[in-house]
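This report concerns only the one structure given below.
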């Protein structure tokens, strides 16, 4: 007998979704940003940022555990009230929208610069967004299952990539270990903690996961593994290209795939890695579009959010075409990262305080 689907995902699908949503940052402009701030010790920043965000995430989980069946948006509405919930919800929507706009434009620039130089940027951008919309429109369960199907291949090929460039790695390039100094590393990691902002944002989708335990375990394993991967790949970029050459590369992952070779004969195998990067990118942005529509609907107290997927995809596309070049995109992204860090770090503590106050004071 075929079991009817409930539209929810389990621990395997949600873990895979996290690995693609957060882990793919090792293949965009995030490592360049980390190396710019942490120099040759930029690989330490994602580890320190993860520790800071993990504290806020655990606080948020403790509050969600006491309010069974609720996600982030329902929790905000219950604890902060109608008006407070609307303000906090709109802040989450704006930061998610801004992040999605800048990231989709950045990925389109990567394709235009590194692969399809003769194709107009706008055409590449439209194709990327249409593919992401198509996947997001299939529903959250379909996104999770697709992530579960492709993630083993993505992880295997990432492991193979490291093996293919192993001969070019010089670990001495990582010295001195602390780079600019521990004080600077701690300061920069704190200012860029929103690299893991999905740890807070994805709690909005908690009602779409089969159980709280599935969500909790998948989050622990998924986010921890992503932090280790981003740190390891950033270290490999420095070890292969040295500093400051690695920092001056806009797209170190794509440069690394061009360096990869199988022995002395088989070279130029970057097209293989490009294919899996494209697949992961489509799923990555499908999650963002779906999450953004979900946040907008919950903030405005709408029953259905699926009709918002297409107009929001169009809005992202229009806004993403506004920046003149990748330098402007990176400048805006830096501002968004620093601004959203305050929200993602403090929101769990605000909700925890409101929950504690409401339990002590009679309604």
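Each residue, glycine too, has its Cβ placed from N, Cα and C.
Sequence annotations record features per position, and here TrEMBL assigns transmembrane segment to 43-63, 75-95, 115-135, 147-166, 190-208, 220-240, 274-296, 308-323, 335-354.
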Report yes or no: does the transmembrane segment (308-323) come within contact of the transmembrane segment (75-95), defined as 3 or more CB pairs under 8 Å with a sequence separation of 6 or more?
no
Count, for each of 190-208, 274-296, 335-354, the Cβ pairs lying under 8 Å from the transmembrane segment (75-95), and report the range with the highest count.
335-354
Based on Cβ pairs under 8 Å, which of the stretches 190-208, 220-240, 335-354 lies most in contact with the transmembrane segment (147-166)?
220-240
Of the listed stretches 220-240, 274-296, 335-354, the one with the highest count of C-beta pairs below 8 angstroms to the transmembrane segment (190-208) is 335-354
Within the same chain, the residues 6 or more beyond the ends of the transmembrane segment (274-296) and with Cβ under 8 Å of it are 17, 20-21, 24, 27, 73, 89, 92-93, 96-97, 99-100, 103-104, 107, 115, 128-129, 131-133, 135-136, 140, 143, 146-147, 150, 153-154, 157, 201-202, 204-205, 253-254, 257, 302, 305-306, 308-309, 312-313, 316
Long-range Cβ neighbours of the transmembrane segment (220-240) (under 8 Å; 6 or more residues past either end):
14-15, 17-19, 22-23, 25-27, 30-31, 34-35, 40, 42-47, 50, 54, 57, 158, 162, 165, 168-171, 173-174, 195-196, 199, 246, 249, 252-253, 256, 259
Which sequence positions outside the transmembrane segment (335-354), separated from its termini by at least 6 residues, show Cβ-Cβ distances below 8 Å to it?
33, 52-53, 56-57, 59-60, 62-63, 75-76, 79-80, 88, 91-92, 95, 98-99, 102, 190-197, 199-201
